[in-house]
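A.B. asks: So TrEMBL lists these for the protein:
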- A:38-475: domain 'Amidase' (DOMAIN)
- A:LYS80: active site, charge relay system (ACT_SITE)
- A:SER161: active site, charge relay system (ACT_SITE)
- A:SER185: active site, acyl-ester intermediate (ACT_SITE)
Amino acid sequence: MTDKSLTDLGIAAIRDGVKAGAFTAREVAEAHVAAVADARALNAFLVETPDRALAAADAADADRAAGTLKPLSGVPLGIKDLFCTEGVETTAASGILKGFTPTYESTITAKLFAAGAGMLGKLNLDQFAMGSSNETSAFGNVISPWRRGDGGNAPMAPGGSSGGSSAAVAARLCPGATGTDTGGSIRQPAAFTGIAGIKPTYGRCSRWGVIAFASSLDQAGPMARDVRDCAIMLEAMAGFDAKDATSLDLPVPHWEANLSGDLKGKRVGVPAEYRVDGMPAEIEALWRRGEEYLRDAGAEIVPVSLPHTAHALPTYYIIAPAEASSNLARYDGVRYGLRDLPDGANLQEMYAATRAAGFGAEVRRRIMIGTYVLSAGFYDAYYTKAQKVRALIARDFERAFGACDVILTPTAPSAAFALGEKMADPLAMYLNDVFTVPSSLAGLPAMSVPAGLDGQGLPLGLQIIGRPFDEQGVLNAGLAIEQRAGFVARPEKWW
Amino acid sequence: MVSVYQLEGATGAWEVVIGLEVHAQVTSEAKLFSGASTKFGAEPNANVSLVDAAMPGMLPVPNRECIRQAVRTGMAIEAEINRWSRFDRKNYFYADLPQGYQISQLYHPLVGEGVVAIEPLERDGPGEAKKVRVERIHVEQDAGKLMHDQHPTRSYVDLNRSGVALMEIVSRPDMRSPAEAGAYIRKLRAILRYVGSCDGNMEEGSMRADVNVSVRRVGTEELGTRTETKNVNSVRFVMAAIEHEARRQIAVIEDGGKVVQETRLFDPDKGVTRSMRSKEDAHDYRYFPDPDLLPLELDEAFIAECRESLPELPDAKRDRYVDALGLTPYAADVLTADVETARWFEALLVDAAAAQNAPQEAVAKAAANWVTSDLFGALNRLGREIGDSPVSPRQGAALLALVADGTLSGSLAKQVFEVMLETGEDPAAIVEARGLKQTSDTGAIEAEIAKIMAANADKVAEYRSGKDKLFGFFVGQTMRAMGGKANPAVVNEVLKKALDG
């Protein structure tokens, strides 16, 4: 087997191949290390850690010899740079954390490494996970491996905020990567790059050691090339963590073993309110095809109503910035990270200089929005009201799930756009999250699976939303689509 | 007639209205949301976890023991315990606040309405006994400490205290004099120490008060504009701050000015309060529910455990001392004012009852007298707290037993006690070694009396001609001759017989 084909393998194939002795973990790691080094034009990795990947591979090969293989032995992963990694610089793609090297390992990465996975490096992202195109990183845009079929070669957005993760998985630099999703940051980039990604139920994956954006929404999840790989990775990531007070104290189901694309007896809800104005016909057509796939898998398609959908985006853009404005107060130049201390500056002036220099424009914008909505005199009109609407949105889903088992929607209202196309208009950018935000507000499991290409040859994704704790139902419906969509397109290597 | 506190201004009499917010550090091994130690006096930044330093990605997890102590405290002031409460973030920037927010409870505190009964002592007599209402108790994080004296141009930050659990105990504006405020803090401290939820140590900062003061003309109902004097750290300073602040406000109003709602600081050296910041530049704390924490829900088993673990509280104990042990209200007050004293006294009672093979009620009075006069006097002289008394309750009980069985007279007991304080030896050993035993040997006493009468024939004659007061002279002479060891009752009896004979 050649090195090149090793990078084409997914997580299950690598795991099974290492176990069967078809190749060594070392060979797999070396192939991926080389692919990462060869793809710097994508700017997907902020830090490359080939030694870590190789060391984990050698450990996996030794474990195989000793008969002690672990669930992810031999699988090299990319880690979104929002996860704190002991001894490896972690910046959240922000200048304010440049040079910050944690002395601790996030629960999620610790679990992945304990399961035998290796780390190829830290992946680029939107600064503090705030963005939908990976253009807010302090360390440069990630460039999607995909290009439009118009011959124009415009560099495309990989989606965001997990843009480094989506680009790296799509470009075959790693078979899987961690992502985090606050309002769609796993699902939208997955859709933009033709890969799969799942945001589990809020509380499934520990937030300990994950740099916070909006605590009540942030949830980690896997991004990989197919549904099975997502299930495998999620099993290793999920689980109760006493260090996170919002962690779910539930056993981790055997999602991979229970995967089934047979949806007989299942009802799939299609919400009328997701048919938004100006949605491209291609997206509408993709959605109808999705219904066909699921019907073909045995499911019944039922119309459902989520009446407060239109209020989800404004609600999200109150709650998430409010929490962020407080969560990001700790970056003050006192204890770690950037300190900008102009001559003769007092404490307040040091804060102002440090935070102005260290935070990017989008982060500053959200801190200001969040500070505003929490201010005396505005709190009730914005924050309190947003919390009430959030409860109504959750109730919408609860009612809809009385009539269906999962909900099918497009993941994003369009295919990927070119870098720079939407940066001038924050509102247009925020609209990208219109389909992903409601399930985030309700804390529900939701995933994006690749389901087709648009007229430009760019990937499009379908989203499955499930009941709380029903990742299995989401994965199974995703698998049913995957089995029928026959999505085999991949970006042509230009880098 | 109770004494009422009023201040005379140039234009009439004024009444002072006082509310206190007491911050009490919760007694627990670990901080409110992290596992770091809470030990006082450690090297700077020795007790700091990743959570306390607000490192990226760190999360708070509530410490059950801190919640338990706050609930028990609430129960001790007969307060409502809220089965559902929630933590909020209070946002502001300061170098001693690593998170950039303090986790507190604004909207839904853990403990609701309660009461603290006080019996204040005004300058010219007892004031009105009253119940001060407590509006709420909530739990929150303490901040770190800035050190400005370590470097000429820089400040250093010590985060040892950062994240330590505090109870904020907020009273209603029910107090009307510095004495009432002092009585309230003392009583609250006693309750906290009985419950064991706070050591009440104001010098180490584990208890401090924000003092809200306003004034109004006597006879009016409307509350005046209040000021808040922050972080006052002794009962005496609280009383001084109130006195000064009330007089200052009266002077402002009588001069035609208006009291400004503001935060002030108390300067203990000068005994004055000074403006810190006015309402205009008050922080907008942007309180909102902490999204890292779920609401705190208490189940009935937890509540029951908290209730069962409560000790007998000072008021109940005092009543029992009077009703069941027959102590005077004064002695009961003194013995129950502090939990250490009460514990010491009760240990003494148990040992004394055992040593004399008598019920506690039978030995209580003598024990109370000895503790409140002899022991307290000695501790005062030595500058010691009862907790580190050189004499143990068991030794005290042994001494009381020697008095009760006639081995020692009162004055001999005092001598023995002095030796006990010095050497730490048991009283029986001291009596034995130094021959301090009281004697009732009538023969020896009679012999001495005979000698004394012979040597003082003139005084015997005077006594016999009706000058009975001389009896005391003969007692004194006899006791001295006996080296103080003669049983006074026997001396009296024999002497009377001899002189009257």
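The backbone N, Cα and C atoms fix where each Cβ goes, glycine too.
Automated prediction, rather than curation, is the source of TrEMBL annotations.
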A.B. asks: What is the interatomic distance between the Cα atoms of A:LYS80 (active site, charge relay system) and A:SER161 (active site, charge relay system), given in whole Å?
C.D. replies: 10
A.B. asks: From the Cα of the residue listed as 'active site, acyl-ester intermediate' across to the Cα of A:SER161 (active site, charge relay system), what is the distance in angstrom?
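C.D. replies: The Cα atom of A:SER161 (active site, charge relay system) is 5 Å away from the Cα atom of the residue listed as 'active site, acyl-ester intermediate'.
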A.B. asks: In sequence order, what residues of the same chain, 6+ apart, have a Cβ less than 8 Å from the Cβ of the residue listed as 'active site, acyl-ester intermediate'?
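C.D. replies: Spatial neighbours, sequence-distant, of the residue listed as 'active site, acyl-ester intermediate': A:ASP126, A:ALA129, A:SER132, A:GLY160, A:SER161, A:SER162, A:GLY179.
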A.B. asks: Compute the average pLDDT of the predicted model within the domain 'Amidase' (A:38-475).
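C.D. replies: Across the domain 'Amidase' (A:38-475), the average pLDDT comes out at 97.
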A.B. asks: Let me know how many other Cβ atoms fall within 10 Å of the Cβ of A:LYS80 (active site, charge relay system).
C.D. replies: 31
A.B. asks: Tell me the Cβ neighbour count for A:SER161 (active site, charge relay system), meaning other Cβ atoms within 10 Å of its Cβ, over all protein chains shown.
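C.D. replies: The answer is 35 other Cβ atoms.
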